[in-house]
Amino acid sequence: MCLFLFPVGSASLLGDRMWHFAVSVFLVELYGNSLLLTAVYGLVVAGSVLLLGAIIGDWVDKNSRLKVAQTSLVVQNASVILCGIILMIIFLFKTQLLTLYHGWLLTMCYILVITIANIANLASTATAITIQRDWIVVVAGEDRSKLADMNATIRRIDQLTNILAPMAVGQIMTFGSPMIGCGFISGWNLMSMCVEYLLLWKVYQKTPTLALKCSKVEESELKQLNVKKENDMKPAEGVQLIVEKDVTGFEPQQEKEVGCAARIAEPFITFRDGWVAYYNQPVFLAGMGLAFLYMTVLGFDCITTGYAYTQGLSGSVLSLLMGASAITGIMGTVAFTWLRRKCGLIRTGLISGIAQFSCLVLCAISVFMPGSPLDLTVSPFADISARLFENEPLPTIASPGGEPEVAFATGMPNLLNGSATPANTDPEMSPEPVPLISVSLLFAGVIAARVGLWSFDLTVTQLLQENVAESERGIINGVQNSMNYLLDLLHFIMVILAPNPEAFGLLVLISVSFVAMGHIMYFRFAQKSLGKQLFACCTPDSGAVSDSSLPGFYFRYRP
């Protein structure tokens with residue numbers, strides 16, 4: 001079954017990566033080299049997942065696995081195809097659209113593109129939850145080592161597609177045009193949708209247990225029976241509990257059919273219940289620890305890339321650093337499988353967290369090394385007001401081909417990016433070279449930390465898979481996605497409040513602090529789960545530490 005499931009994941013991840021990279025570039029091209037549309041799109045996507053994550057997960061839980069997978073797959077790919085077609089029309093007839101209805105028709109096209117792209121992202125979230133958080137658990141069966149290997153393989157595929165997808169789309173748009181890029185992505189999604197649909201059907205047919213899905217009522221009944229059996233209680237009492245549960249289970253359903261008021265309130269109730277259920281999970285602290293890792297500028301995102309440009313790193317050097325980070329990320333997936341066999345799943349998270357934080361200490365040290373532009377006396381809004389009133393042209397950087405390109409490395413190109421020479425420098429005087437000690441330590445820490453980061457990510461992922469009830473996997477993982485997006489939004493707000501390169505060192509220290517808090521939460525979870533055995537040595541002969549003693553352990557449950 002894995003032979004069919006991995007191609008599904010590969011095609012889906014590659015299509016997602018290509019689209020997420022391309023849509024931002026397309027929106028920049030459409031709006032005259034401005035990041036306004038891209039920023040609006042990012043805000044809409046993050047806000048939608050934050051608000052609708054629990055509702056999407058609840059929908060995943062309440063419907064059959066095949067229906068959820070096929071519906072989300074079709075909606076996601078159809079939305080991308082439609083979006084690509086609309087973008088091609090806009091690129092072809094942009095001049096004519098500008099003259100119609102004083103440009104309002106073009107504005108409506110922009111709104112339509114962002115709306116459909118957001119629908120595609122929500123459908124992609126549903127696909128990821130059902131395939132990577134539910135199907136993979138059922139396909140692995142009770143073999144926890146197989147589940148760990150499958151999780152690691154999917155993460156390796158994700159790391160590879162994260163490099164290959166932007167390269168493919170970038171080359172097509174460079175040697176072709178944005179319109180050709182739209183056509184290529186639309187064609188890819190049409191082809192991959194058909195292939196993925198057939199492969200999903202194959203996996204579903206070859207795994208009969210995917211057709212069995214337990215409801216919350218059935219799961220609570222069996223859990224109560226297990227508790228009674230452990231306490232040697234009488235069978236009659238257990239049967240009585242089931243009857244009571246059945247009665248109480250049917251009453252709300254009859255009440256919901258009364259009127260439309262309950263239907264209107266249902267999404268809000270689902271949102272509330274999802275967050276409450278997430279808080280009550282035994283792995284709540286582990287999930288929160290993972291979410292806190294999103295509150296950081298210490299990654300290869302637009303913010304860190306823009307800062308690197310201000311420190312004199314070229315695009316070619318940055319591409320090599322991104323490749324190195326992908327390699328260390330793959331090393332993290334290998335380390336995860338090895339550590340889990342030797343030390344058990346929970347201890348793997350502890351070791352991974354210590355490894356990540358130890359590497360990020362280099363980033364904190366880099367803030368105080370020669371070459372660091374840290375200067376807290378500079379007002380964070382001074383550069384914003386200066387740029388607004390001066391109307392300076394967008395800065396450019398030298399591309400690998402030698403031609404100037406607009407530096408859109410960050411969410412605010414005029415704030416973090418800089419040209420190769422300072423704006424007020426005498427052209428006859430060559431600027432002093434910036435020492436690279438600080439930026440070298442920064443990226444050394446970021447790249448090395450990827451080993452621990454992805455090992456920790458896989459640890460928490462498997463903890464959620466193993467310890468969340470089957471009937472709640474969708475809604476809990478939906479809320480987890482919402483938490484991740486919430487912390488990611490906070491990190492962008494943090495950058496908006498302190499956009500100058502002189503304040504980037506402060507952002508690094510805040511990021512390291514949030515990573516530390518995340519791992520402290522995980523340590524508390526591990527301490528509660530393992531107790532006195534937390535620091536016990538585990539030898540290869542004794543085998544991995546069993547984590548089935550966790551409260552609410554559902555991994556061995558089957559309907």
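Any Cβ shown, glycine's included, is placed from N, Cα and C.
Predicted automatically and left uncurated, TrEMBL annotations should be read as such.
Small disclaimer: the values here were computed from a predicted structure and weren't measured.
The transmembrane segment annotation in TrEMBL covers 39-60 (among others).
Residues or ranges marked as transmembrane segment by TrEMBL: 72-93 (among others). Listed by sequence, the residues of this chain that lie at least six past the ends of the transmembrane segment (72-93) yet keep a Cβ under 8 A from its Cβ atoms are 12, 15, 19, 23, 26, 29-30, 106, 109, 112-113, 116-117, 119-120, 123-124, 126-127, 130, 177-179, 182-183, 185-186, 189-190, 192-193, 196-197, 200.
Here the transmembrane segment (99-123) has long-range neighbours at 19, 23, 27, 30-31, 37, 40-41, 44-45, 48-49, 52, 56, 72-73, 75-76, 79-80, 82-83, 86-87, 89-90, meaning same-chain residues at least 6 beyond its ends whose C-beta is under 8 angstroms from one of its own. What TrEMBL lists as transmembrane segment is 99-123 (among others).
The transmembrane segment feature in TrEMBL is assigned to 283-309 (among others). If you look at the transmembrane segment (283-309), the same-chain residues 6 or more away from its ends with a CB under 8 A from one of its CBs are 318, 321-322, 325, 349, 353, 360, 363, 397, 407-413, 416-418, 439, 443, 445-446, 449, 453, 456-457, 459-460, 463-464, 467-468, 480, 483-488, 490-492, 494-495, 501, 504, 507-508, 511-512, 514-515, 517-522, 524-525, 528, 550.
For 315-338 (among others), the entry in TrEMBL reads transmembrane segment.
Taking Cβ pairs closer than 8 Å, the transmembrane segment (350-369) reaches residues 289, 298, 332, 335-336, 339, 343, 437-442, 444-446, 448-449, 451-453, 455-456, 459, 505-506, 508-509, 511-512, 515-516, 518-519, 522-523, 526, 534 in its own chain, all 6 or more past its ends. The transmembrane segment annotation in TrEMBL covers 350-369 (among others).
For the transmembrane segment (434-453), same-chain residues at least 6 beyond its ends with a Cβ under 8 Å from one of its own Cβ atoms are 293, 298-300, 304, 308, 311-313, 321, 324-325, 328-329, 331-332, 335, 352-363, 365-367, 369-372, 508. Annotation comment: TrEMBL describes 434-453 (among others) as transmembrane segment.
Per TrEMBL, the feature transmembrane segment maps to 474-497 (among others). With a cut-off of 8 Å between Cβ atoms, the residues of this chain six or more beyond the transmembrane segment (474-497) that come close are 42, 46-47, 49-51, 53-61, 125, 129-130, 133-134, 270, 273-275, 277-278, 281, 287-288, 290-297, 303, 380, 411-412, 464, 468, 507, 510-511, 514.
The transmembrane segment annotation in TrEMBL covers 503-523 (among others).
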Same-chain residues near the transmembrane segment (39-60), Cβ under 8 Å, at least 6 residues beyond its ends: 23-24, 27, 68, 114, 117-118, 121-122, 125-126, 129-130, 134, 267, 270-271, 273-275, 411, 473-482, 485-486, 488-489, 492
Within-chain partners of the transmembrane segment (503-523) [C-beta distance under 8 Å, separation at least 6 from its ends]: 285-286, 288-293, 295-298, 307, 349-350, 353-354, 356-357, 360-361, 363-364, 366-368, 372-374, 376, 378, 380, 416, 442, 456, 460, 487, 491, 494-495
